[in-house]
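Contents: one structure, followed by commentary.
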DNA sequence: AGTGTGGTTATTTTT
DNA sequence: TAACCACACT
């Protein structure tokens, strides 16, 4: 990524083009962030558009942060005032907050994460008597389907009419109940943060005009990752004026399985006839040999816009392919190779990245790295907010802000143990339902003693009183963090963590996590530029959308080898990259072969290759442990797609007589044929 | 309400 | 292989 402020001709053209809709096809490493940030500065300084009328949208908090930082270097504080650079979701959240009166939400609404939504669905299914055994699978399906429907802007009533199977009908019904539930809790899920604003702008002309007027110029990053709802939102915001720049790369679309529609790039051409397309093909990252490999691989995919990366960095080192005996051997060779390379070339650990398809592949690497005492950083895996202790503390806070948040209530009512079991909760739920109360308000209701044993009723009253007390004290406190700490302590939660922890180390991590949550709340309060955003309510709500772990990790800018999945590697670059597990059924992944979505796997391969600046090493294993069983592997088809004369093979090239299951072999053969036919 | 056992099952996961 | 979950037992 070029940090210099000098733009090349194409980049300059993209910056200056403001008279209509623009699509920038930004190849990997072509300096797209520079174009976006420079363009924002250009719009303010040269075009005289005030910053508060410019909106830039990204997908990750990290991207938004980086963009803000870089714009900050180009514009003065005064010039940048009111500029909106945020993720789609944060933008949606802000819109919702400002347009509450047009929405079925009250001002203290909660944002539920995937975990909360799962609980709600589980609850609904039980009530619906949809059995318990296969429920887990069904819930996963339901979550996926509901999210798909939402992202396609299909409301529950419409969902019924698009059903193809009996199961779909069930799920549509579940979707309807789920939506009703969220509204009753005064809560939204992540998808709602996009979908609700979109629908509002669709249906309400007045609000739409207001926002179109406010967003005079829109910039969208990673456009290839937008889903239908997001694209619709973009269209509604830019209106007929079409004053926007979309930056994207269809070759780096690797989130289709999550609803992203790379076809949105082609749609743009149809929806805006005067769309200007500028290609950024000069790559500032990699050697030309690496780019040749990348171009060759991606050349096997169909393209709407043709694009070929080039660089003036010279040929560079040859690309190595190492065939290993098995996964242990692979990890060992990669790590040893890395150490040797580092010592011989005087590099740092952080110059190296090991990329893989699935998180499970990190395990062997970790063992190996630990054995060799090499510092490493594992990204991905469990997110900060998925951790139980964080979710628990957050639930206390959510309940304070929104007493209707039953999801939060259920999470903490018996954490720490308050002798409130499932029987009590069922009765409480029934009582709440009959009287249309939330679980928390129901808990403080005096009539409760008529339906519950005395002890249970007292426990619930006590809990409700506890929350009420702290609600009163917290909401008008200028320094809420000490109060929060006091509340969590008095709730007995800290003691609970101490007792619960299996090891002293685990106890420490958990307590540290809680501490860093406090710190983050404090930071958010300090950093809020708006008085309106300083209050604890809006801080807590924002917190759900942030991944603090990411921030934490970034702050400790230490020298460590990077271990990441190919997905997590997108947008990053490293001087030396190892891509491991280049085998059929792994990359491309088994399920993708079956689903015939090889193209997306190929893009994943492309993303991996283009992360490397100077050195690229690919490895594969002849055998791999698969659920305790050693399995014979076939080299990935993508290896055949590489320019063979740029490669250097190490280890045994040909595999020995494999004992492949004949059925599998037949399937393999079919898949290969299909791939050939597609070309 | 909390512990233990056996059976099942393995992608990717920006918010 | 190991992690996770449901269910049964104490």
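Every residue number used here counts from 1 along the chain in the order it is shown.
Just so you know, glycine gets a Cβ as well, placed from its N, Cα and C.
The feature ATP binding site is assigned by TrEMBL to A:26, A:27, A:28, A:29, A:30, A:31, A:32, A:33, A:285. The feature domain 'UvrD-like helicase ATP-binding' is assigned by TrEMBL to A:5-287. The domain 'UvrD-like helicase C-terminal' annotation in TrEMBL covers A:288-571.
Feature map: annotations from TrEMBL on the structure.
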residue	record	contacts (Cβ under 8 Å, 6+ apart)
A:26	ATP binding site	A:32, A:35, A:247, A:248, A:249, A:280
A:28	ATP binding site	A:249, A:251, A:252, A:283, A:285, A:294, A:309, A:606, A:607, A:610
A:30	ATP binding site	A:11, A:280, A:281, A:282, A:283, A:284, A:309
* Taking the residues A:26, A:27, A:28, A:29, A:30, A:31, A:32, A:33, A:285, which the record names as binding ATP, find the longest CA to CA distance and state it in Å to the nearest whole number. => 13
* Structure fact -> Around the Cβ of residue A:32 (ATP binding site), other Cβ atoms within 10 Å, all chains included, total 23
* Asked: Roughly where does the domain 'UvrD-like helicase C-terminal' (A:288-571) sit in mean pLDDT, to the nearest integer?
  -> 84
* Structure fact -> Simplified DSSP label at residue A:28 (ATP binding site) comes out coil
* For residue A:285 (ATP binding site), just count the other CB atoms lying within 10 A of its CB, please. => 24
